[in-house]
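Engineer: Sharing a structure, written as structure tokens. Questions coming.
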Amino acid sequence: MATGSRTSLLLAFGLLCLPWLQEGSAFPTIPLSRLFDNAMLRAHRLHQLAFDTYQEFEEAYIPKEQKYSFLQNPQTSLCFSESIPTPSNREETQQKSNLELLRISLLLIQSWLEPVQFLRSVFANSLVYGASDSNVYDLLKDLEEGIQTLMGRLEDGSPRTGQIFKQTYSKFDTNSHNDDALLKNYGLLYCFRKDMDKVETFLRIVQCRSVEGSCGF
């Protein structure tokens, strides 16, 4: 076959395939159920890591009497996420729209992107499987992207992007031999566990409302 004819055939084939390639890479081709499944897997993993690491740290470093005084003191047990308007009970949660719950979940996830790095020494010494600051950070970033995608799908079919939420947790000494640092680490782990529980709960409610047959799982 002549070189010119072969080039023409290749060009024609490329033009025919172009619309298929564009459609195949388009956002709406991913089933909504799969998007929710992926988000829920990450949310559950983060919640489990947060719970296990918190429990492990508490048993290793925090005496019972110190735990009770910490939890009963509003100043030490106050989480930064308290500044993010979130429903405080089941009734309030059910009154929120899907987009409102996703937006709250996104803010909670973004509020931990930097603070989770302060817990580097805690994760490094943890025996909990998968508990490393890099792994937790990657899960947070993946879930952030997943929630933004879900928000875009529920709005107009386009991925939702936005600026990262700025948190105000202050940096502090994470030396494990410093009692003050121990309590601050304990406080961060307490808040991290609490916030990841909220995120998983809110995402499960939105999934139940949006995907048929997904309630109760």
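Keep in mind that glycine also has a Cβ here, set from the backbone N, Cα and C atoms.
Copied straight from Swiss-Prot:
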type: BINDING; residues: His44, Glu200; note: Zn(2+) binding site
type: DISULFID; residues: Cys79-Cys191; note: disulfide bond
type: DISULFID; residues: Cys208-Cys215; note: disulfide bond
type: MOD_RES; residues: Ser132; note: phosphoserine
type: MOD_RES; residues: Gln163; note: deamidated glutamine
type: MOD_RES; residues: Ser176; note: phosphoserine
type: MOD_RES; residues: Asn178; note: deamidated asparagine
type: SIGNAL; residues: 1-26; note: signal peptide
Engineer: Check the disulfide-bonded residues Cys79, Cys191, Cys208, Cys215 for other C-beta atoms within 10 angstroms of each C-beta and report the one with the most.
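Structural biologist: Per the Cβ count, the most surrounded site is Cys191.
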Engineer: Please report the number of other Cβ atoms within 10 Å of the Cβ of Glu200 (Zn(2+) binding site).
Structural biologist: 22
Engineer: Cys215 (disulfide bond): which of the recorded positions His44, Cys79, Cys191 is the nearest Cα neighbour?
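Structural biologist: Of the recorded positions His44, Cys79, Cys191, His44 has its Cα closest to that of Cys215 (disulfide bond).
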Engineer: Which of the three DSSP-derived classes (helix, strand, coil) applies to Cys208 (disulfide bond)?
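Structural biologist: Note: Cys208 (disulfide bond) is helical by DSSP.
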Engineer: Does DSSP give Glu200 (Zn(2+) binding site) helix, strand or coil?
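Structural biologist: Reduced to three states, the DSSP call for Glu200 (Zn(2+) binding site) is helix.
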Engineer: I'd like to confirm something. Which of the disulfide-bonded residues, Cys79, Cys191, Cys208, has a Cα closest to the Cα of Glu200 (Zn(2+) binding site)?
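Structural biologist: It is Cys208, whose Cα lies nearest.
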Engineer: Check the Cα-Cα distances from Cys208 (disulfide bond) to the recorded positions His44, Cys79, Cys191 and tell me which is shortest.
Structural biologist: His44
Engineer: Whole-number answer please: how many Å between the C-alpha atoms of Cys191 (disulfide bond) and His44 (Zn(2+) binding site)?
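Structural biologist: Cα to Cα, Cys191 (disulfide bond) and His44 (Zn(2+) binding site) are separated by 16 Å.
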Engineer: Rounded to a whole angstrom, what is the C-alpha distance between His44 (Zn(2+) binding site) and Cys79 (disulfide bond)?
Structural biologist: 20
